[in-house]
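Before any comments, here is the structure.
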Ligand SMILES: Cc1cc2nc3c(=O)[nH]c(=O)nc-3n(C[C@H](O)[C@H](O)[C@H](O)COP(=O)(O)O)c2cc1C
């Protein structure tokens, strides 16, 4: 059996809305209604039916203008902007569903640890233990500049800061010891002050006295998720993650990453079975294999079109941390001649894109590859279910993170087509048996 997550890749932002963005015809009223809770509530309800562990809500707080030195492409095409704050959406999504966990993104440069610890615990109470925290360091200068930095910190320093950030958040979330809440109405005692401890943290990046001014939530320390696969990213994940999300193109590379991570988790004195890695995938699911192949070919043609190439180059400029304008590089340049030394964003994403592509031009590479791929999962629900099972057999565990345009059509394909097909094969949970996000992650 394996776990399932959904990547709400546009965050609480404008969801699939235009065929010219390659979104297909099933975009409903997203163009006007993306700011309302309904679509996200339908998503949570639908994926509950399919036994998903969680929905990960992406977040980035900026209007990017590194591509061609202008915000034109970002705003004309709605790339990563506009976007609302994801936090208020969390309890609305859990109130509309029964079991699925919701993991909003917390950037370590946007939330001081005390604020994050308190917000995480508050959400844990409001959702009755169904929240997690996706810890990111933020990718681009534009985000950093919105939060008072002149430019973003260097990649590895960001992770050093993130390590300290999670440590402080968890110290604060542990600052009420077991038994601190007495809640004795007859005796008139709410809490025992000897069990509520300041943390007096003074570190390189943060200072926080503590204790937290709220009581522990159902999960105690709120589960942690992260997505970095660089050396620094792995160090953070091995120390703190309950669930990690990762990119891999083959079962072999996924297996190697999982084994490396499990060894690192064990080296930190943790049980590797308490650490669940999810591999990101964009499957193409249609009623028949033939229709799925047609749909995949259509999407491929879109990615090779001017609009598709513009998206990919824009995305790479963002992914470089806003430090490399891929719109200013001659598209006929061979990829090995592109100087990546200035990049300061998502290291592994660009490396993966250029992996084994020597001799090809930038235009050729972006026309037929994208950082997140379908892993060959193209077909009817049953075919995709079988392929997912085979892939996971090769990896050894733990889950997949689905990344599809968020439309009701795609929700139905996954919740009512793929989910039941996976269940018939015994590949996903029949039902939820735990109460919290952590319980569900540890169910198998
Ligand atoms: C599936 C996925 C989701 C991510 N979500 C966010 C996000 O919401 N906000 C953000 O700033 N970065 C996000 N990132 C970026 C990661 O936090 C991290 O910077 C990136 O994976 C590169 O890490 P690395 O440099 O260790 O390879 C995401 C990455 C992946 C692969």
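Every residue, even glycine, has its Cβ placed from backbone N, Cα and C.
Caution: TrEMBL annotation is automatic and unverified by curators.
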Query: For the FMN site that TrEMBL gives with 105, 155, 159, 229, 230, which of 53, 59, 274, 287 also belongs there?
result: 59
- line: What DSSP gives for residue 155 (FMN binding site), in three states, is helix
- request: Sort out for me which one of 229, 230 has the most neighbouring CB atoms within 10 A, since those are the binding-site residues we care about.
  value: 229
- request: Restricting to the same chain and to sequence separations of six or more, state which residues have a Cβ under 8 Å from that of residue 155 (FMN binding site).
  value: 230, 232, 321, 344, 345, 347
- request: Filter the binding-site residues 59, 105, 159, 230 down to those with CB closer than 6 A to an atom of ligand 1; keep them in sequence order.
  value: 59, 105, 230
- request: Whole number in angstrom, please: the longest C-alpha to C-alpha distance across 59, 105, 155, 159, 229, 230 for FMN.
  value: 20
- prompt: Does residue 59 (FMN binding site) have same-chain partners at least 6 apart in sequence with Cβ under 8 Å from its own Cβ, and which are they?
  reply: 11, 12, 83, 85, 86, 104, 105, 107, 136
